[in-house]
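Chemist: Could you have a look at this structure, given as structure tokens, before my questions?
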């Protein structure tokens, strides 16, 4: 599919673009002329199909009013379940195990409220010190709600190098007092992929339920939850899945746990045929829909309809193949062109351990990001010293990667970054 061996040349980039099996999808997305967008790991670009599906649901509201819940091309009452079915192949799950609902953080609260049952000596939640802050805030809140002290009952596995986690260290921390584990599938800074299969097996050997935050992996790498027997997972849909800012999130619960009442119940936890009976005793759905809480955010869900159609056509295996190749091309270019400018590559270099973005460390990272934006390259900054660059398989080209590295080289060589203050913006 892609030309080998790697060559750090413009001609090689053009040749790779020529043979890219996914190149036709680039025209599906709105790409600003004169800009190279490398921030799809933070917010994916708008596709024409996502835009169309949003307008379709607006038209349903216009035409049907309240009857839009059961009428139109995409009836709202069943939309969360329908999109769950379309998402399931991306995580290797059954359709009934997947639901589109809530936000990442509310879904963390839901799964922790459902699965965290401190009893006897098993009172602790195991997480890690590199995970996204919102995960920690939610875990601390849930521990407090049980009347326990997060400082004592939340265990965070330490990183040996400040960038990555050792699976051996995580397994070593699976002690007899751990009741539940929540880990990232891909670390948001370094892009390290954790071995979810191994960690799940080791947790289950010890009688511990384990779940994963998929925010930086879903839509970028394949998952095989049915095979791995993961207990639960949560994710956002606005990064690689291109559902738009504030797009409704996702939640997975292994079918073996469907007998568990949701820790946080609401009207939409109900079985569909019972919901409008208005009973004060919940008859929970017998699938992942039980873990919904309130009324679906229909208009924030709508873009995902069109986006998931694209993923179905492209295929997650092909997307991963290109992602690995184009990020490897970028890494090789960085090594070839930027070795004299003080950058450190913060990613694992092994393909099987690297997610969809490149993570560069530099003391001047904040203002380097500002200089990149001033030159038409959109990265993002992550404190304290990280530049994230995500060439997304669906819409970025090898030519764009080549140009972005040349622009970065010029910024460093001419010290253009010194025009800017070395601190982050309000939104980094």
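Positions of Cβ are set from backbone N, Cα and C atoms, glycine also.
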Chemist: Out of 228, 267, which one does Swiss-Prot list together with 104, 105, 132, 133, 134, 135, 213, 216, 238, 295 for pyridoxal 5'-phosphate?
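Modeler: Swiss-Prot names 267 for this pyridoxal 5'-phosphate site.
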Chemist: What whole-number Å value do you get for the CA-CA distance of residue 134 (pyridoxal 5'-phosphate binding site) and residue 239 (N6-(pyridoxal phosphate)lysine)?
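Modeler: Cα-Cα distance, residue 134 (pyridoxal 5'-phosphate binding site) to residue 239 (N6-(pyridoxal phosphate)lysine): 16 Å.
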Chemist: Report, in whole Å, the straight Cα-to-Cα distance of residue 239 (N6-(pyridoxal phosphate)lysine) from residue 295 (pyridoxal 5'-phosphate binding site).
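Modeler: Taking the Cα atoms only, residue 295 (pyridoxal 5'-phosphate binding site) lies 23 Å from residue 239 (N6-(pyridoxal phosphate)lysine).
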Chemist: In the three-state scheme derived from DSSP, which category covers residue 134 (pyridoxal 5'-phosphate binding site)?
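Modeler: Looking at the DSSP assignment, residue 134 (pyridoxal 5'-phosphate binding site) belongs to a helix.
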Chemist: Using DSSP and three states only, what is residue 213 (pyridoxal 5'-phosphate binding site)?
Modeler: strand
